[in-house]
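Structure, as structure tokens:
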Amino acid sequence: MAKAVGIDLGTTNSVIAVMEGGRPEVIVNAEGNRTTPSVVAYKGDERLVGQIARRQAALNPQATLFEVKRFIGRRWDEVKDEAARSPFTVKEGPGGSVRITVDGKDYAPEQVSAEVLRKLVADASAKLGQKITDAVITVPAYFDNSQREATKQAGEIAGLNVLRVINEPTAAALAYGLERKGNETVLVFDLGGGTFDVTILELGDGVFEVKSTSGDTALGGADFDQRIVDWLAEEFNKEHNFDLRKDKQALQRLIEAAEKAKIELSNASETSISLPFITFDPETRTPLHLERTLTRAKFEELTADLLKRVRKPVEQALSDAKLSASDINEVILVGGSTRIPAVKRIVQDITGKTPNESVNPDEAVALGAAVQAGIIQGDSSLGDIVLVDVTPLTLGVEVQGGMIAPMITRNTTVPAKKTEIYTTAQDNQPGVEINVLQGERPMAADNKSLGRFKLEGIPPMRAGQAQIEVTFDIDANGILHVTAKEKTTGKESSIRIENTTTLDKNDVERMVKEAEENAEADKLRKEKVEKRNALAQLRLQATQQLDEHANAPQDARDRLKAVADEAEEAVNSDDDSRIADVQKRLEDELRDFMTKGAQAQPEAGATSASAAEDDVIDADFKPADDK
Ligand code: AMP
């Protein structure tokens with residue numbers, strides 16, 4: 001059985017890991033790195049993923065997609081503001097969903113994320129020497145149903161069998177707790193690139209039991225970057241009366257410089273930001289440069305309200321777990337943004353504990369996902385590990401007066417199933433529409449509607465007489481299935497909650513096909529390049545041989561040179577059969593030259609540079625102890 005992997009599909013970076021000899025290990029990518037930027041760029045009909053995509057972002061801002069996780073499974077009206085700040089085009093898609101447009105083509109966020117997954121898995125398959133098909137993918141604990149469903153679909157589009165979707169902080173706790181003995185209550189504080197989660201777990205005897213989880217799916221490192229971007233742009237505007245955020249290329253450079261400055265400020269008390277030639281003066285057309293010094297104190301001032309936002313979810317998680325801060329034994333930091341000194345300070349301030357930094361904040365989530373993949377595959381080295389997780393948000397239905405009637409409350413252990421009986425509000429009501437909601441607010445309209453479905457054909461009855469049995473069934477992935485049944489008629493209706501923002505089955509199938517075709521096109525493109533590289537390499541070898549064997553028979557030299565010259569032209573051509581033909585002839589000529597031509601005795605009187613050199617070596621050099 002091929003191994004299953006664990007994947008941390010991050011907002012900024014992604015990581016893939018696998019169980020090796022009873023321990024989870026990160027698999028390095030084709031570039032030799034342990035993390036892969038979650039960046040996808042489209043360049044003509046070519047797609048670049050990871051570091052190579054990130055590197056060309058400033059030159060290709062409208063076709064370089066990053067932080068796409070912020071849009072996955074979201075509704076357009078939830079992300080409008082974020083979309084407006086993006087250097088690439090994000091717009092409303094079908095049914096209020098989100099689409100990203102590049103060169104006139106629309107992409108679903110799931111599709112873009114699938115490209116990242118595909119690269120991670122392809123590189124890992126090459127490293128492990130086996131085709132990977134099964135994966136556990138992590139999501140922020142606070143992801144709602146449609147965000148989870150969309151992440152699972154991204155996996156499917158990438159051609160993966162998604163064994164399980166698990167919560168990032170729970171995964172991190174698995175990685176942390178694997179080697180710990182004894183009972184502990186831990187708080188995982190996970191502040192990544194785009195999301196914030198806090199989870200409280202009890203660990204002991206191989207049982208990992210999540211007590212509560214809370215968070216903010218719209219808070220992460222990118223918000224800290226944005227504060228620096230805004231500050232830089234406003235300062236520049238004051239000086240030059242030009243808003244750099246309106247120039248997509250300048251904006252991309254600002255974003256990159258802001259993140260760099262933020263990271264530097266984790267270790268230094270000030271940093272300088274220098275962006276020469278950031279734009280042109282609109283009147284004089286002279287180049288303008290941006291030079292600023294940012295101190296850590298100023299950065300903390302710019303981000304003070306973001307820092308404050310982490311407090312409430314921590315307090316909420318403690319109160320839901322019916323614990324106080326003093327009951328927590330360890331605080332584990334996960335996510336790159338926990339390296340910000342002010343973040344560490346605030347965690348310490350809220351919990352009264354010095355955070356435990358024993359886990360690598362960039363890798364713990366993927367390592368834990370690999371452990372979970374091992375558990376599902378029955379990896380015997382893991383012993384009996386039991387993972388008990390919860391659903392982060394309350395699930396319910398809309399009832400009379402636009403209220404929400406909770407069915408499964410937040411922090412209920414998953415999987416879970418709950419049935420309730422509802423009835424009609426009017427006499428002879430022929431049907432009901434069931435609006436499935438997720439959220440903590442009392443009014444339906446303030447929560448997220450996961451989907452609506454109708455139960456029709458209710459026989460004429462007085463109001464309150466119909467017996468409509470509604471069942472909510474939430475699986476181990478945290479994904480919900482709902483059924484409704486009118487008991488007097490036995491009429492049943494059900495939906496697997498797929499709200500309008502998630503893709504329907506046909507879309508997923510089409511995207512799987514497209515992704516496979518793209519992968520095939522990429523493979524062909526790569527093969528094409530490799531063939532040309534091989535020919536160029538061979539030509540180089542031929543010219544080196546010609547240089548080294550200047551005294552070889554002229555006709556052998558001429559023959560080899562003629563084919564080498566042909567190769568020089570052929571490498572630039574698009575004609576594969578010509579490349580193959582020249583490659584074959586050059587190989588033959590080179591072999592011939594090396595066996596016959598180069599070793600042919602020089603004609604009488606002719607001197608061979610290399611033969612002469614050989615003679616010198618023979619005559620003048622001897623092992624030292626021969627003396
Ligand atoms: P993650 O999603 O866990 O990969 O976290 C990525 C986020 O962490 C990005 O916003 C990074 O800019 C941020 N990050 C990474 N390293 C540091 C650092 N040393 N200081 C501050 N933020 C960092």
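In case you wondered, yes, glycine gets a Cβ from its N, Cα and C as well.
Annotations in TrEMBL come from automatic prediction, not curation.
Listed in sequence order, the residues of the same chain lying 6 or more apart from THR195 (phosphothreonine) and placing their CB within less than 8 Å of its CB are THR11, LYS69, PRO140, TYR142, PHE143, GLY215, ASP216, THR217, ALA218, LEU219, GLY220. As annotated by TrEMBL, phosphothreonine applies to THR195.
For 241-271 (among others), the entry in TrEMBL reads coiled coil. For the coiled coil (241-271), same-chain residues at least 6 beyond its ends with a Cβ under 8 Å from one of its own Cβ atoms are 57-59, 61-62, 64, 85, 87, 221, 224-226, 228-230, 232-233, 278-279, 281-282, 288, 290, 293-297, 299, 339-341.
Per TrEMBL, the feature coiled coil maps to 505-546 (among others). Note on the coiled coil (505-546): its mean pLDDT in the predicted model is 83.
TrEMBL lists 590-627 with the feature region 'Disordered'.
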Where does THR195 (phosphothreonine) sit by DSSP, helix, strand or coil? coil
